[in-house]
Amino acid sequence: MNDPKVIVALDYDNLADALAFVDKIDPSTCRLKVGKEMFTLFGPDFVRELHKRGFSVFLDLKFHDIPNTCSKAVKAAAELGVWMVNVHASGGERMMAASREILEPYGKERPLLIGVTVLTSMESADLQGIGILSAPQDHVLRLATLTKNAGLDGVVCSAQEASLLKQHLGREFKLVTPGIRPAGSEQGDQRRIMTPAQAIASGSDYLVIGRPITQAAHPEVVLEEINSSLV
């Protein structure tokens, strides 16, 4: 696959276990997501190990800081050679624009830069608790529009918002969707969920899937089944 749609979320606190899992799967069938826990534990060298094995990496650190600090963190991710990196859209348009501008010298080699809208664990009551009275979907659209205006490549959003965002922001604006569960798997702590085929049909470009793959006895088979369902 030239452009694998599945991004496997790695959530390990043991390096040997993580690499043992990675060695069971084929880099042509998926990409890998490294988040805050693993990056804090194992650092940039872990990402380099994944690159050595041929994997594209989504560095999911959700940077959110003043424009100068955030953009320098994004540049550091580009230097590491990751495929995708993200920032919190709620950091504002100036922060996002600075992060996009700092990637210009990398040309076609630059990572995709993605905004994080509303975390998939958040519901209306959670938003109200931080002073946002809009419905989650309305707030997602507001932040996604801000992200596009800042020149970013797309957003992380739940599959429920995908068709709305494609309609408002265009086909080229990339949608990265967590909360994906293959049919029959546990819901876990993601509140707003959908199957892989449903998510792609709704307009998602990339699907973040964790435990249904990482905890499977035969992850390569699960990946094959998911990819087949997307054809």
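Along the chain as shown, the residues are counted starting at 1.
Even glycines carry a Cβ here, placed using N, Cα and C.
For ASP11, LYS33, 60-69, THR120, ARG181, GLN190, 210-211, the entry in Swiss-Prot reads substrate binding site. Here Swiss-Prot flags LYS62 as active site, proton donor.
This view paints the features noted in Swiss-Prot onto the structure.
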residue	record	contacts (Cβ under 8 Å, 6+ apart)
ASP11	substrate binding site	GLY35, GLU37, MET38, GLY210, ARG211, THR214
LEU61	substrate binding site	GLY35, LYS36, PHE39, ALA73, ALA77, VAL85, ASN86
LYS62	active site, proton donor	LYS36, ASN86, VAL87, HIS88, VAL116
HIS64	substrate binding site	CYS70, VAL87, HIS88, SER90, GLY91, MET95
PRO67	substrate binding site	ARG94, MET95, ALA97, ALA98, SER99
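In the three-state DSSP reading, THR120 (substrate binding site) counts as coil.
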